[in-house]
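Swiss-Prot lists 3-23, 55-75, 80-100, 117-137, 156-176, 187-207, 231-251, 255-275, 280-300, 334-354 with the feature transmembrane segment, giving sequence analysis as the kind of evidence.
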Amino acid sequence: MRQILIAVAVAVTVSILLTPVLIRLFTKQGFGHQIREDGPPSHHTKRGTPSMGGVAILAGIWAGYLGAHLAGLAFDGEGIGASGLLVLGLATALGGVGFIDDLIKIRRSRNLGLNKTAKTVGQITSAVLFGVLVLQFRNAAGLTPGSADLSYVREIATVTLAPVLFVLFCVVIVSAWSNAVNFTDGLDGLAAGTMAMVTAAYVLITFWQYRNACVTAPGLGCYNVRDPLDLALIAAATAGACIGFLWWNAAPAKIFMGDTGSLALGGVIAGLSVTSRTEILAVVLGALFVAEITSVVLQILTFRTTGRRMFRMAPFHHHFELVGWAETTVIIRFWLLTAITCGLGVALFYGEWLAAVGA
């Protein structure tokens, strides 16, 4: 628990102190955000706001994670695990793709960065490497960071994927979550606040897995998860980094996370869901992200098949703006919905454990 608190504290500190430095630097360099011409009129005043704030988020996550492990050396904490490094590696790789995308947008002074093909190739490459590596690094108990079994709150032994299918499954998960968070990042503080709650829920889940790991506490309801405490530190550091960034990103935002941050954060969810064996449960925890990307898919499908749009604008947070909701109203209500779905997700997780132990 001490390591988790340290991870949060370090991540918040680094993120909240580094972000204003980036604001001044990016403002001086003219690294301003470009606004969609077809977006809500109220957003045009945001043109020129510094972007690429995801750099501070990634720095906070890395600092929180490494700081917690360094502190752990003083009180016999667990060392760095393969699971945590793989999740961080995935997030950093996707953040790199987003950074290039943001840089192109800034250099060309338009809201279009990497073309779809290049961006997709970057996401797929990151996902394939993750999918291959996550089935390696078997520990003394025979556990790998990931499992080829589909999982809800633990592995579903009756649904096992062949290695190639598992890698393809990882491509779908990584692409879906990174794009989902990217679509959600359209209002001041929406993605950062939502992500803080989702990863806070993951802190509870992975810490519970750590306390009830089959390796150290065998028995009914135990979890076969490699490095659960390591995953809790990743989740805690991510929550802390998002909170620190939110201090500057809350409406009216002084800086945006850009694709650097949104793609990286999507990678964190994807990585945590695979390594903690909660791929299906993650859909409940991150229901808002799922709803946002679903609204985009439905908008495209309905327009191509009927010539009409289901929403006034997608992602659907813009739809609510265009029907008269204030931006802050949309943000707060979406945060409330996320708090509910995260609470539901944790309740489902705990309920499954109670059922497993026969309580």
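Cβ coordinates are placed from backbone N, Cα and C, and glycine is handled just like the others.
The transmembrane segment (156-176) is not in contact with the transmembrane segment (187-207), judged by fewer than 3 CB-CB distances under 8 Å for residue pairs 6 or more apart in sequence. Between the transmembrane segment (334-354) and the listed ranges 55-75, 80-100, 117-137, 280-300, the one holding the most Cβ pairs under 8 Å is 280-300.
Note: the stretches the transmembrane segment (231-251) and the transmembrane segment (280-300) are not in contact (fewer than 3 CB pairs below 8 A, sequence gap of 6 or more). Long-range neighbours of the transmembrane segment (80-100) within the same chain, counting only residues 6 or more positions beyond its ends whose Cβ lies under 8 Å from a Cβ of the stretch, are 52, 54-55, 58, 61-62, 65, 69, 113-114, 119, 122-123, 125-127, 129-130, 133-134, 136-137, 139, 145, 174, 178, 182, 226-227, 229-231, 233-234, 258-268, 270-272, 275. Listed as Cβ neighbours of the transmembrane segment (117-137) (distance under 8 Å, sequence separation of 6 or more from its ends, same chain) are residues 82, 86, 89-90, 93-94, 96-97, 100-101, 144-148, 163, 166-171, 173-175, 178-179, 226, 263, 267, 270-271, 274-275.
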